[in-house]
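To start, the structure under review is shown below, and the notes come after it.
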């Protein structure tokens with residue numbers, strides 16, 4: 001690996017933004033080398049994928065330990081759901097954007113053209129690689145400090161959102177992703193007037209996304225939104 005692929009000003013900006021001062025600068029740089037860049041560089045031999053693998057495991061451990069200790073009254077299901085919301089792709093990419101990590105990536109020309117610096121999945125992977133690099137460079141305490149600052153601080157907001165009704169929360173997620181508000185359409189209405197069962201389908205980005213049912217249209221819409229949220233979060237989990 002080359003000994004220097006960033007300039008000094010980039011290092012200074014990174015250190016000032018994150019509060020992390022790497023001992024091994026080469027390791028820091030490696031965290032930002034996307035695999036596509038290797039095809040266009042004669043010097044770089046390793047991408048950030050191994051660091052990403054390590055960072056993923058460290059994130060899961062630190063977040064699991066924290067929510068276990070912070071919420072002693074919650075069962076395994078609630079703790080798992082909370083952890084998932086904290087370490088899913090959307091959450092990690094949000095933290096990466098807050099730190100402007102996309103601007104520091106080394107990408108191929110093809111990835112650059114396809115707006116790789118803004119790609120949600122790629123940004124989430126980069127955040128994981130950075131966590132892995134911090135761990136290798138400075139150990140678990142510093143990795144935990146970084147995760148606390150940029151992931152665990154989201155817990156109050158995550159808990160607050162969990163109290164919102166599914167339709168409101170789904171609309172927040174969908175609009176944050178750049179799409180129009182979800183659209184709900186009644187698919188079927190079965191049974192006598194006093195005991196009808198409604199089935200409603202929710203559309204995201206003009207495409208059918210999930211369905212729900214209930215004894216009223218409102219209940220069916222909430223059920224559809226709840227199912228859509230589950231699907232959204234599954235698709236956002238690395």
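Backbone N, Cα and C define each Cβ position, glycine as well.
Please treat TrEMBL annotations as automatic predictions, because they have not gone through curation.
Keep in mind that this is a model prediction, so the values were computed, not measured.
TrEMBL lists 56, 128 with the feature active site. Annotation source TrEMBL lists Mg(2+) binding site at 52, 125, 128. Marked as compositional bias 'Low complexity' by TrEMBL: 218-227. The feature compositional bias 'Basic and acidic residues' is assigned by TrEMBL to 228-238. What TrEMBL records for 14-139 is domain 'RNase III'. Among the features that TrEMBL reports, domain 'DRBM' is placed at 165-234. What TrEMBL lists as region 'Disordered' is 212-238.
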DSSP-assigned states of the domain 'RNase III' (14-139) in counts, ordered helix, strand, coil: 92 helix, 2 strand, 32 coil
Pairwise Cα distance for residue 52 (Mg(2+) binding site)/residue 128 (active site) [Å, integer]: 5
Largest tally of Cβ atoms lying within 10 Å of a Cβ, found at which of the recorded positions 52, 128: 128
C-alpha spacing of residue 125 (Mg(2+) binding site) relative to residue 56 (active site), in angstrom: 8
